[in-house]
């Protein structure tokens, strides 16, 4: 792999930006595709469609069933799965087709994202538009994407053995990796359009940056917490708010032994943790926004801080509504999409503060 050494002379700044702008736009397009992938993946999970395709065929699997024989063969393979035997016994072929298409489009979109990243990457390399540091970053993102494909199948395999549900650990890893890939592409794209200027000596700004970094990490932790909520269907329990069936701290928090299992396997504890992180963000983000008003910031940085506050309010509203209405498909999918938009806002705030 060959990278070009980019000049750092001031007079070449405009020329460098002209080269980097198309790369940034391409990465933003890839971010949009990953966003769509997260939403489709959420719907696939919510409709219990993820176990409908029992084989991993990265190339051959691109072609959908084209004949009745193809459908019969796929349906017969599905008959051998724990999900069919324990959950969907007696399912008709037409019903199977519904869950099949969700999983098929989820996998197909993954292949599209891989090509949408790899082909332009090769093009920019051949055009010598990518210097060595950028090339290493993009190569790392591509490797993460390849790892994500394997992680997806590793997750599906966990539901094809005895338990007709995928492992919540593998599901959370799959979700977290999707957010990490998105974050890497989004950050690199922002760097290309608006490179950092170095940290300001302003102590208030440094404190605000540290605050925003903590918030970004907390949002990501909340996403992982949401993965466990989805993985063990904890959203179907305690469909009350603000209390959990009359308790702020429910008595079933530490039912399981050893105690640490409760954080991953106990529906009560998993939902409580997710609520607790949301409450924490509901307190900290408004404080952060108020602090940002007292620090001299650019217009784009102020906009980013305000969008973070707005997106948190939207996401909390979606989360509460999803809970109270017992996880309806549309709201639950919107809640998953909202998590990525909230994470995007947090990343943008962090990047903007590094440019002040």
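Placed from the backbone N, Cα and C atoms, the Cβ positions cover glycine too.
Note that the coordinates shown come from a computational prediction; the quantities given were computed from them, not determined experimentally.
Swiss-Prot assigns the feature transmembrane segment to residues 141-161, out of the candidate ranges 141-161, 246-266. Around the Cβ of residue 274 (heme binding site), 22 further Cβ atoms fall within 10 Å across all displayed protein chains.
Note on the transmembrane segment (105-125): residues 1-3, 22-23, 26, 29-30, 33-34, 36-37, 40-41, 44, 49-50, 53, 58, 61-62, 135, 138, 141-142, 145-146, 148-149, 152 of its chain, located 6 or more positions outside it, place their CB under 8 angstroms from a CB of the stretch. Pairs of Cβ atoms less than 8 Å apart link the transmembrane segment (141-161) most often to 173-193, out of 173-193, 212-232, 329-349. Applying an 8 A CB threshold to same-chain residues 6+ apart, the list for residue 335 (heme binding site) reads 315, 318, 319, 322.
Same-chain residues lying 6+ beyond the ends of the transmembrane segment (212-232) with a Cβ under 8 Å from its Cβ atoms: 45, 165-169, 171-176, 179, 264-265, 267, 270-271, 273-274, 277-278, 280-281, 284-285, 288, 308, 336, 339, 342-343, 346-347, 349-350, 353.
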